[in-house]
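Here is the structure we will look at, set down as structure tokens.
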Amino acid sequence: MDGSVLLDILSRYVFNIANIQGMLRLATPVVLAGLCALITDRAGILNIAGEGMILLGAWFAVAASYFFGSSMMGLLGGIVAGLVVGALFALFSLKFRAHIIVMGIAINIFADAATIFLTRSVFGVAGGFTDPKIVGFGAIEIPFIKDIPILGELLSGYTFIVYLTWFLVAATALFLYRTPWGFHLRAVGENPEAAETMGINVQRIRFLAVMASGVFAALAGVYLSLGHLQGYVDKMAAGRGFIGMAVNTFGGGAPLGVFLSSLLFGFVDMLGFRLQAERIIPIYFVSMMPYIVTLAALTYFTIRRENARKRAATKKA
Amino acid sequence: MTNAVEMIGIRKVYPGVIANNNVNFSVATGEIHALVGENGAGKSTLMNVLFGLTRPEEGQIFINGKQVHIHKNSDAIALGIGMVHQSFKLVPSFTVTENITLGGEPRKGLLVDRKAAHDNIVEISKRFGLQVDPDARIRDLPVGVQQRVEILKALYHNADILILDEPTAVLTPQETRDLFGVIRSLVAKGKTVIFITHKFNEVMTISDRVTVMRDGKVVETKDTKDTNPTELARMMVGRDVLLRVDKAPANPKDVVLEVQDLEVLDNRNLKAVRGLSLQVRAGEILGIAGVEGNGQRELVEAIVGLRPVYSGKVVMQGKEITHASVRQRRDDGISCVPEDRYVRGVALRATLEDNLIVESYFKEPIGRGMLIDLNQVTEFSQNLIKKFDVRTPSSKVTAGALSGGNMQKVVLARELSLDPTLLIVAQPTRGLDVGSIEFVHRTIIEARDRGAAVLLVSAELEEIMSLSDRINVVYEGRIMGEVSGAEADEESLGLWMAGVGGNAEAAHEASSEHTAETLKG
Ligand SMILES: Nc1ncnc2c1ncn2[C@@H]1O[C@H](COP(=O)(O)OP(=O)(O)OP(=O)(O)O)[C@@H](O)[C@H]1O
Ligand SMILES: [Mg+2]
């Protein structure tokens, strides 16, 4: 096979516009899970409850959308669920001093069981719930931009949550690096005593950070249940809460870093879908791939970055 | 003349201790007021009360003649009180500007007005003559500059009353002189300064008045010109204190520790120790003098096995231990009092008993097979506590609850309980009061007289000169020169410490001669 053929195959089957769109879509819940990890990490809190928060967000979004017949009500339902779990998590771990890891595990287990139980008792079905009365998010075509060749196709035609996510990435960056509260949050994460002696209320900032993380995770859930699918499936978070922690680490705790690292996950996830359609590789292997590739890549790049830093330091000598 | 600060009848109780017992303390406007006292006397507690970090059970506070109620520390900041803590409270990844403005950022709408912040810092730093680079990151700055940032932070928040809690403990002599210049210029601009220290020469140099505390009470406040170090020490400790060290001439025997052409990397993988050689004999104290950060920490860590050796050799009683495990080195008779007692000296959240037995829990009679004999533990600990005069309510309190001096006694007690062949002590009296310093010094000399080889690393020239039988000066990871303790003078040591002059060749030859001797012997 000569090079031009390979290039042709790559551009036709891998790097085409539809695939890039797929990557951006599939990256969205991971970006949101990454922001959930980021905002707590930056406040000095190890939040492993992202997975459970996503599930609850997804479930309540479906329920609200079903009962009120509106996707925006679904979004609201998801956000409220996120705020409530966030508040509970903060209350127990920060105020009552429950162990933060134990508390995180508790929320993940609880969310898993609670959503199964609720699906069964509210909708009377098991395993998942779909219904025509659930209103999901439709694709939005952005006027003018959609008419630009290529760029229009790349930027237009996503659901509301995708755009919201892009906005949140930028807004979080602006918040962290340009607003007083962002400075306070980072100071609390890095040296809480420094913050405290300057009259900053450490406890309150951490509380708010955990609630914000609940909202980010819930939005990831809303995307899964009302943007990606239209309905709830048990365990639909599928590890994205944890992948969020990985992309946050890999992204260096920066919103843009989180966004870019999530694209990697989105890309492999998208390839998986394509391969699944081709039925060449066993489906279990295909659905495992995004996780393996993401973790392997993140590990590889993190090690390389560390080594580069060490080399730079030695060179200075 | 009004008093900038007037604290009346302050009482603060922590579980098991009365940290402040009916304390009256007043500071006149525009003065430099020194506050001295033993470790645990309650100095920091009193200042924490003033700065709103802790609330007293009883007492009244007046600022500039008006009674105030300080509930939290933002109240104190609003009243014009600023505090530079014993351990700095800075955010390492933030810039100087971001640290100084933290909690009081100038705003433009919802955002921080970064230009205003920057200009502001440039302006106050010029006004008070405190030079800093507003855009430098804290983690890249030396301690002396970090401290300047702390002072600027207080000034930025409009502090008129500035509390400095042991500001010189971590500074080099040059940085200390700079700091004193800054303090004088602040007072000249109408600020009031409260200055906590353990060093009497600093009290005499910088302060107008001095207050002495003991056991949570104020002993007396005096005009500095009417007192002297001996009197201050007596008021502080409640007895006469020997400010000089008494010791017999050394009686050196065989070489115990030999370090040859050692190279060690620091945390950033830079060479911190670069081809250093030295040796210590039984029955002598070798002092390593030098400004901190010239490889002393890495040297000590390499000898005790906490840091890998890059090249060169460490030999203990003729046996090479360059790559031996820590446990093996311990078994060979190496003990170490590390420089940072809070991090490596003790486990803060473990009890005194647990801290004291970590080197002997696996040996008879404490360790029995797979179990530990708890009665033996208590007996062993209580013996050491008595012998080393550790002031503590019980052997079962956590180490973190002890004052600095008592914590250091615990470390010494543990390390000496093993009857070491080689005792390494790093910055053994940092932050300690005179009474504790006297005790620590006496203990080190006793270890020497029992025949231990002692390697003393200290940034305090006075300490080095009064304890050492031989002195090596280290600069940028190498030995600049060697003198005997008796011949040392501050002047030439100071020059060597700055990397000027030295007789490294002589020192090196002397040690290779010794090597030849040892090999023959
Ligand atoms: N947060 C705390 N909890 C319990 N006890 C404390 C606390 N802070 C201080 N203490 C105790 O109060 C007493 C006074 O401590 P303080 O720190 O004020 O002494 P200090 O004079 O500043 O000593 P040093 O010279 O070692 O800094 C000590 O016995 C100390 O153990
Ligand atoms: Mg103190």
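Each Cβ is built from the backbone N, Cα and C atoms, and glycine gets one as well.
A quick note: this is a predicted structure, and the numbers were derived from the prediction, not measured.
Pulled from TrEMBL:
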- A:20-40: transmembrane segment (TRANSMEM)
- A:52-69: transmembrane segment (TRANSMEM)
- A:75-94: transmembrane segment (TRANSMEM)
- A:101-123: transmembrane segment (TRANSMEM)
- A:157-177: transmembrane segment (TRANSMEM)
- A:207-226: transmembrane segment (TRANSMEM)
- A:246-268: transmembrane segment (TRANSMEM)
- A:280-301: transmembrane segment (TRANSMEM)
Proximity verdict for the transmembrane segment (A:157-177) and the transmembrane segment (A:20-40), three or more C-beta pairs under 8 Å: yes
Range from A:101-123, A:207-226, A:246-268, A:280-301 with most C-beta pairs under 8 A to the transmembrane segment (A:75-94): A:207-226
Beyond the flanks of the transmembrane segment (A:101-123) by 6 or more, those residues with Cβ under 8 Å of it: 46-49, 51-53, 55-56, 58-59, 63, 85, 88-89, 92-93, 129, 131, 232, 234-235, 241
Of A:52-69, A:207-226, A:246-268, A:280-301, whichever stretch has the most CB pairs under 8 A to the transmembrane segment (A:20-40): A:246-268
